[in-house]
């Protein structure tokens, strides 16, 4: 057997000490300030998703030992709101919880934390989750009122302040990613997501949540069930996107139609050791294999996946072709296209049901959301090995390998 073939066989092999996934679910992702969750606080979305996750996993909530929640824009630090969400979800006060922030990879970093605690023998069962309400958290209010002049004398430290949209323009101009290819990629994201939504391909991963919504014209409060991503638009083409004005630089190529949407949502992944899942009769749906983080120059932060994916493949011995498909976060079309091209992936194997440009990118949620989506795709396509990855504000990348065991 070739080295990578044996590496794939090792990744697919089942061992009692494996970290396995017994449920991975998400809320619908809705448009910030306009969508179905515009009047719903993040802790309420998170509570609904946590309850659905352990219920689907058939886990007694008293057996959950720790929960990690990725959250990028939490008012007041976020830890209390996450604790409140867990308690409201019927998880007892004996279960510990923390929030963490590694920007856009926070949901994946949370899953990684719980997986490592299981590997280290600290816990047997935990939940890695992510949540963001960009309706309530995003904007000038979330920014500090200033930075140290001394620290800003370091050029790369200063580059951490570059607006994300300008980092996208930097990637496009540094690496020659044209407006045309960005718009083509973005249009395909919308087209794939619209087709997947019509075919019901997101239904299995989405937990319907009943919430209150306020009609802005009448101020009437009504109850609705949010069960569909409301940022997905049908009929988007590269031609229709070509009419949009650049958002960050007059001669730029990044605009509202080829960048990720500002969104609200949550996702949760229930993890345990395989021996524990077998003993308790829990439904094993997948396996966590490995993850890796890298640092890249802050001014081109979007290139992160181009370095994180090769690093995690190297750690597992897999070749890029051993992976059946990739979920790469579409922060911006520029950086997603660059990453796919730089690694040498086929676009057909990337974001097969669309990505963040079409579906949305609630910052802390995305890393956990991609796992729920990936497991759905693997089941639909009868595929096994997938990689999730994203760029990270201030110049990093993260990637992880998972196996579907449906």
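Each residue, glycine too, has its Cβ placed from N, Cα and C.
According to TrEMBL:
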- 104: active site, acyl-thioester intermediate (ACT_SITE)
- 361: active site, proton acceptor (ACT_SITE)
- 391: active site, proton acceptor (ACT_SITE)
- 19-274: domain 'Thiolase N-terminal' (DOMAIN)
- 284-402: domain 'Thiolase C-terminal' (DOMAIN)
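If you average pLDDT over the domain 'Thiolase N-terminal' (19-274) in this model, you get 97. With helix defined as DSSP H, G or I and strand as E or B, the domain 'Thiolase C-terminal' (284-402) counts 56 helix, 31 strand, 32 coil. The most crowded of the active-site residues listed here (361, 391) is 391, judged by how many other CB atoms sit within 10 Å of its own CB.
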